[in-house]
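Database features, via TrEMBL:
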- Thr169: active site, nucleophile (ACT_SITE)
- Arg197, Val198, Gly199, Asp200, Thr220, Gly221, His222, Gly223: substrate binding site (BINDING)
Amino acid sequence: LGGMKPVIVVHGGAGRIFKEREEGCRAGVVRAALRGYALLKQGGSAVDAVEEAVRSMEDDPHFNAGCGSVLNEKGEVEMDAIIMDGKNLDSGAVSAVKCIANPIKLARLVMEKTKHMLLTDHGAHLFAQAMGIPEIPGEKLITERSRERWKKNLEPDSNPEEFQKDLGTVGAVAIDSEGNVACATSTGGLSNKMIGRVGDTACIGSGGYADNHSGATSTTGHGESIMKVVLARLILYHMEQGMSPEVAADTALDYMKTRVGGLGGVIVVNKAGEWAARFSTKQMSWATVKDDNLHYGIYAGEKHMKSVDEALASEREGF
């Protein structure tokens, strides 16, 4: 193995996390971080680790990605995802995909099996079929909660903007023992969005960016705002200017807030393995594992720590 100590950081979305969902969100990001870290410990690549962590959260109905995604104006799930390899700047993304369980898997296939970087809608669907990815009925991805919220947002006096504060993109960044970095991000988008709306997640430099020369980041929050400032790339730019991950993240989030009034959250790892999880929203669920220690939290200033062994033991007992 190389000389780098592996690190993984994950987020389960920035916004408002309602009390009754806190525990599930905490458990979900911790599980994702532990899964990704287990791969890194076995000498797995950063790309493998971020894909695995995001897949774990896509399968968890607590998050707005994969199963549990929010619905568009027509009551359907349309999902976006991206993955990027910091070694050669290869990236794969899908947008507006329906009827598959794990968009992040499809994004990785776009990266590895095509000469392209982004496939959308019908074309992504044909590619998924060609790759043998099982199609699942769209209803399988829809939770009671997503449907309830969709209905509420359809009421004439509703304000979907209010609900959109409860934004859940999921993402992961990692550095492996070889010193390679990667990022992955996946989302169901905005509740009651227009059909065909694609946010920041599938856009390289906005939803995520990874470059071995500086580090990797995955973002969450108001997609249109994130796209305006190309948030992920902006953070890496600040790190290239010598800022620590934490200062770079805060500086970029602050700029997004003052310049375009947008709120969000980010996770970052730099090429030295230093990490940060920062947000300008009320909350963001996040977890990280480094040096066999797990850190996690949801509120600003909240940071729990457990050893990985302790965390794995409580995992097995069902948290």
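Cβ coordinates are placed from backbone N, Cα and C, and glycine is handled just like the others.
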Checklist entry - Counting other CB atoms within 10 A of each CB, which of the binding-site residues Arg197, His222 comes out lowest? => result Arg197
Checklist outcome for this item: Students should find that the Cβ of Gly221 (substrate binding site) has, within 10 Å, a number of other Cβ atoms equal to 27
Item to check | Recorded substrate site residues Arg197, Val198, Gly199, Asp200, Thr220, Gly221, His222, Gly223, farthest C-alpha pair in Å | outcome: 16
Checklist outcome for this item: Integer Å value for the Cα distance linking Gly199 (substrate binding site) with Thr169 (active site, nucleophile) is 11
Checklist entry - Between the residue listed as 'active site, nucleophile' and Asp200 (substrate binding site), how far is it from one CA atom to the other, in Å? => result 10
Next on the checklist: So if I measure Cβ to Cβ from Val198 (substrate binding site) and keep only same-chain residues at least 6 apart in sequence, which ones fall under 8 Å?
Outcome noted: Asp80, Ser95, Ala96, Thr120, Gly189
